[in-house]
Amino acid sequence: MHTFRGEKVVGGIAIGKIAVVSCGGGGTDYHKESPKQEREKFQSAREKTLEQIERLRLKALEEIGEEEAYVFEAHTMMLQDLDLEEMIVEKIQQDLGAKEAISQARDYFSSLFLAMEDSYMQARSADVCDICNQMIDVLDGVEHQEITEPSLIVAMDLTPSQTLKMNRNCFLALITQEGSSCSHTAIMARTMGIPAINQIQIESEWDGEMAILDANEAQLIIAPSQEVLQKYQKLQEQEREKQSALLKLKQTKTCTKDGKEIKLYANIGGLEDAKTALDNGAEGIGLFRSEFLYLSRTNLPTEQEQFEIYKEVLEMMENRRVIVRTLDIGADKRIDYLNLDREENPALGYRAIRICLNEIEIFKTQLRALYRASVYGKLAIMFPMIIAVWEIRRIKAMIGEVQQELRDAGVAFDDQVEIGVMIETPASVMIAQELAAEVDFFSIGSNDLAQYTFALDRQNPKIENYHQSFDIALKRMFAQVIENAHKQGIWVGICGEMASDVDVLEELLRLGFDELSVSPKMILPMRQKILDFED
C-alpha cells in the first residue's frame, strides 16, 4: 500500500482501478507528401476537428451546462483563427509536413500565451494545445482512448475534449499531475460532481492498479490493504445514504432552525442550467449570466432573440424570482466581434457596465428585451462592476427611456421589476449606504471582491496558497454592506464561489445574508446545512 498526496480540486471518495490516459498529439510514423497535398491534409484535419468540437459542445450542453459548453465554442473560434492557420500553411510551404507544421504552431502559440502576464491568457495555452493535438490525432488516425469500465482516471493533464469524449459512467475520479483549480477541466469536474485532485506525481505503472482517491484529504492510496478498503467502502455508503436523503428536500422551504427564511437560488448560464436548477429544488435564479447569449455566436443577439430566451426562463421558473445580470464582458470574457482593444490589465479595464454605458444601443437592446419579457414571470435585473452612484442613476435614466419607448409602442411590461447592483469592488462596499438608497437589492460577487481586495488573481495557480476561504477583511466588508442594506430596507445576497462553500455557510448566515445563489447541484446540500443551522 502506497499513499500519495496532491492538492484538492473537488472533494469526495472514489474506489476502483486506475486507468492512465495519454495526453494525445503524440508521435506516430507520418508519410509527408507535396506541399499542396499537405495543405489539403491540414484543411481536412481542421474540418474534422471542428466537427468533433461541435459534437463535444452539444454533449457538454446536454450533460453539464451552458458555461462548460462555452469552452468548446472558444475552441472553435481558436481553431478558425487566421493567425494559427497562416502559420501552419506558411510552415507547410517551407516543406514541413502538416503534422510537424501543426506541432510547431502549437508550441509557438502555447509559449506565447504562457509568456503573457494575464493569467486568463496564460490558461489559453492549454486550449491551443488541445485543439492542435486533436488535429494531429486526426492526421494519425488515432481514436480517443476508450475506457470500458468505471475507473479512476490518471493523466499528466486532461483536456476538456478528452474529458467529454470519455463515457461519463466510467469516470469515477480525476487525478492529474498538472493543472490548477481554475482550469477548464477542474471546472467541469466540479460541475459533474467528480472527485478530483492535481499536483500529484503520477506513474504509468499505476495502470490497472486498485486504488482509493480520498479527495477530501487530497490523497491517493495505491493497492490499499483490505482493512483500508473496507473503511472507505463504509464511508462511500454513508455518502450515498446522505445523497438519497437530500433528494427528499427538493420541495422543502429553506429556513434555519430558529425560523429565518433564506432564499436559496441557483446560478445559471441559460435554459439547460435553468432546468437543472429546477430539478434540484432551486427557489429562484440568483444569477443568470446573460453574457453567454453573446459569447456563443459571431454577431450581437437581436432584441427578439434575447427576449425569447428571457421569456422561456421566466416561464420555466413559474413566478420564482429570476435575477438577470446584464452583459458582463471584458477581463476573462472577450467577444471578438465587438473588436475591443486588448488591454494589459483587463480586470481593471474596459469591462461590464463600463462597456454598457458607452455602447448605449447594445445596452438598451438588452434592457428592452428584459422589460418585454418581464410580464412572463418575476424578473429582477442587476448590474455588474458598479463603483459610483452616478452609474446607477444613469442606468435608471436609461431604464426610464426604455420604458417610455415600450409604452409608446404599446408593448406591455412590468414597471415594478426589482433592480440591484453587484457589490464586487472595495469602492462599492464603501458607498453601500448611498447605493442602497438607489436600488432594491445587493448581490455580493465574492470572487471579484476578494480578487480586488487582496490584489490576488484568482486564476493564477502560483498564488493559490494566498487565498483564504474567508478572511477577516471580507467578513468586515460583508458586515458593512449588509448593515447598510438592511438600514435602507433592502435585501442582500451572495453569488460567488463562497456561497457554495459549506465550510463558511454558518458565518454567512450569522452575518445576516438573506439569499444565497449557488451552482444547481449545491442546492440540496446547502439546504440541508441551512435547515440544521441555529444561531
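For all residues, glycine too, the Cβ spot is worked out from N, Cα and C.
These features come from TrEMBL:
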ACT_SITE  HIS184  active site, tele-phosphohistidine intermediate
ACT_SITE  CYS495  active site, proton donor
BINDING   ARG289, ARG325, ASN447, ASP448, ARG458  phosphoenolpyruvate binding site
BINDING   GLU424, ASP448  Mg(2+) binding site
DOMAIN    5-124  domain 'Phosphotransferase system enzyme I N-terminal'
DOMAIN    148-216  domain 'PEP-utilising enzyme mobile'
DOMAIN    248-531  domain 'PEP-utilising enzyme C-terminal'
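The DSSP secondary structure for ARG325 (phosphoenolpyruvate binding site) is strand. For the binding-site residues listed here (GLU424, ASP448), the lowest count of other CB atoms within 10 A around the CB belongs to ASP448. For ARG325 (phosphoenolpyruvate binding site), the same-chain residues lying six or more positions away in sequence with a CB closer than 8 A to its CB are LEU287, PHE288, ARG289, SER290, GLU291, MET382, PHE383, PRO384, MET422. Put simply, of the recorded positions ASN447, ASP448, CYS495, the one whose Cα is nearest the Cα of GLU424 (Mg(2+) binding site) is ASP448. The number of other CB atoms found within 10 A of the CB of CYS495 (active site, proton donor), across every protein chain shown, is 27. According to DSSP, ASP448 (phosphoenolpyruvate binding site) is assigned to a helical segment. Per-residue confidence over the domain 'Phosphotransferase system enzyme I N-terminal' (5-124) averages out at a pLDDT of 85.
Within 10 Å of the C-beta atom of ASN447 (phosphoenolpyruvate binding site) sit 16 other C-beta atoms, taking all shown protein chains into account. Note: the Cα of ASN447 (phosphoenolpyruvate binding site) and the Cα of the residue listed as 'active site, proton donor' are spaced 9 Å from each other.
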